[in-house]
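K.L.:
Below are the structure tokens for one structure; questions will follow.
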């Protein structure tokens, strides 16, 4: 009996110790020098969310649940969970360890470290807290602690989150963890770098080709970048570590963004609108849902937004998964690539969503499924886009070759046209615009200098034309120009510049019979004797075909800064000086205000014009503009006429330039717009497509209130802006290109049209004109007056028409006076005409009758 009782006592004691091992103490992770660290822990759920560490320590052992593989996934829950594990150091030296919760989307994590019953350390972290301070600078939830030899410590971890409760817990040796983490981060950032390169490449292609497909693809990949950097915590760590609220929403926002642009990319890449209307309708519905998802991710609760995003991911990737095969079956080559590319990505998204909802376990494949899938998808679709570009290139190569040939021809024509507009076609001398530009530039460079603008006019050129004929007269002009260049070359005081082709320019042709030079008066030290000598040589007769021809030149000059501060004024005053040459000591008539016969009359005329505007003595005459396609009247141009009570009819050429110089032009323009719009209003009742064109000057472009004035007048007379066209010359535009462009765009924004008037009479950059909001170019009469008899003029006009059409402009031929010119313009492709052959400028009552007669003729 004694033996029996002794055995029973021993058995009972063994059972007691066995039970203590099973339920009394948590499993201890023992670390030895040769073994790997086990991954296991225990957990309990805290349904009330009120449990403290003391309550948890006192929890009955049978309430703890063991996780042997180190990973627990509880799906979507708001309840806190407590984890427990003990670590024992069985190595002969101390250890530096890291407890790693390797899921960055946990909101609130508190680590408690106990040695026996003594709490030695507490650390709080999580997504709901600012990123810093953390014990380890890493997106995951990490705790650093140390163990002396033979020492045991117990860790309690409280975890609470508003999303997926995924708990992969593992104990690492510190050096090993950092090595593994560094390698993992290299892979992550290599992946991010690849996606960034794909985004930048596709953006560059989009900016080059302007095809929305590449923009959609780059934005979709950018959505993936935002998603992955958010879900892994790198964006929180590096971009907004002090803003956990932004971090919590960044992941939610990334899902609808990547989905929205992925669907747009799918529709564009597969061309579903033409291949499969039903699929296209489903994709459009998905776009609306993603817009809802976007706002839900910003406004709704976190768990609700996560559920909506998961549903969105399932739906839209399911649709995209079948989109490829549908396009493939319809014969689309793109469908093959799309099917192959989106299969791994769809699987990756489903695996990620399933892991977030707790349907799939936490492992390498579910954790990195989307990265793997998106990497394969990006690689395949990049190949697909490259294949698409290659085939488009093959298809377009001939068209591009033709385009290059046309562009080369257009460039050559532009160069010829530019040179023709910059130089006189007979003498090849630079023209007045070049002279004004050169003088103004020199004054700007040397405002304190002293210069003289000299002009010379061949007074007998018209007589010579009538006597010898045009051909011989042109030869004479060419010889005169050559002689002037030779004489000017001997004068060091004559200013010279070099053009873009390296040609030296000293002498300029201001008009058909007038030439100009710029003299640096500070370099003249002989009282102008040398200049006087050269002018006398120029006055001598010129031999032409055995005839000694007297030119009778007249010379004039104006001094800067005494007689003007800009080229236009100096040229004008030099002409005045030329007319008062008898009052001068030398052969040249130098400008003097006391001999300026125009000043008093100009001031009087402008005073009378102001009074005429107040007394309504000015009138608008109208000249129709007719289409060469169907003879339809497409507009009328308003032209100002003034009948002076004493002087009679005053020509526009007499008072318009003076009005521009004195500033009266702004009042005249206001009156013209008000009267023109008032006259147009009744005409629109019978001719609803009719429009009126009104001229403005360079000074009007400086008037800030012009746009408001026009809009007010249009509103007052109930006329739409589309019936109004403003005309201005290319010279007016080029006076202040930057400001002129701003004002014209502001005017065009009101809905009215812009037309470039008198094109070809001056010089302007076509590259600048392309920037203007103009829709119409009016060819100057000087360009088309001799196209029927002069081959050079015909080529210039035809080239201008073709270039203007290629830039999107409509062409109007001005000053048409014969049917032969109309026929030739029509062959060249000119859109419409205006001129005396069609109708002279007439007042409103006559215009009304003319329109009735014209349309009656058309109906016959």
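Backbone N, Cα and C atoms are what each Cβ position is placed from, and that goes for glycine too.
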K.L.:
State the residue range annotated as transmembrane segment by TrEMBL; the candidates are 122-144, 145-167, 214-236.
P.N.:
214-236
K.L.:
Given 69-87, 88-106, 335-353, which one carries TrEMBL's transmembrane segment label?
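P.N.:
Range annotated as transmembrane segment by TrEMBL: 335-353.
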K.L.:
Suppose you had to name the range TrEMBL annotates as transmembrane segment; which of 282-300, 358-376, 377-395 would you pick?
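P.N.:
Comparing 282-300, 358-376, 377-395 with TrEMBL, transmembrane segment matches 282-300.
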K.L.:
With the ranges 189-207, 398-416, 417-435 to choose from, which does TrEMBL describe as transmembrane segment?
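P.N.:
The listed stretch tagged transmembrane segment in TrEMBL is 189-207.
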K.L.:
For the annotation transmembrane segment in TrEMBL, which listed range does it cover: 41-63, 248-270?
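P.N.:
Comparing 41-63, 248-270 with TrEMBL, transmembrane segment matches 248-270.
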K.L.:
Which of these ranges is annotated transmembrane segment in TrEMBL: 306-328, 444-466?
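P.N.:
Of the candidate stretches, TrEMBL labels 306-328 as transmembrane segment.
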K.L.:
Would you kindly list the residues that approach the transmembrane segment (214-236) from elsewhere in its chain, counting only those six or more residues past its ends and only Cβ-Cβ distances under 8 Å?
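P.N.:
Distant Cβ neighbours of the transmembrane segment (214-236) are 104-105, 127, 131, 139-140, 188, 191-192, 195-196, 198-200, 202-203, 205-206, 244, 247, 250-251, 253-255, 257-262, 264-265, 268-269, 370-371, 374, 378, 381, 385.
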K.L.:
Which range wins on Cβ pairs under 8 Å with the transmembrane segment (282-300): 248-270, 306-328, 335-353?
P.N.:
248-270
K.L.:
Given a Cβ distance threshold of under 8 angstroms, which distant residues of the chain, six or more beyond its ends, lie next to the transmembrane segment (248-270)?
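P.N.:
Sequence-remote neighbours of the transmembrane segment (248-270) are 105, 107, 127-128, 162, 212-213, 216-217, 219-220, 222-224, 226-227, 230-231, 235-236, 280, 283-284, 286-287, 290-291, 293-294, 297-298, 302, 305-306, 309, 312-313, 316, 319-320, 323-324, 327, 332, 334-335, 338, 384.
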K.L.:
In the same chain, who gets a Cβ under 8 Å from the transmembrane segment (306-328) while lying at least 6 residues past its ends?
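P.N.:
Non-local partners: 76, 163-164, 252, 255-256, 259, 262-263, 266, 270-272, 275-276, 279, 282-283, 286, 289-290, 293, 296-297, 300, 334-343, 345-346, 349-350, 352-353, 356-357.
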K.L.:
For the domain 'GGDEF' (449-593), DSSP counts of helix, strand and coil?
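P.N.:
Taking the domain 'GGDEF' (449-593) as a whole: 59 helix, 40 strand, 46 coil.
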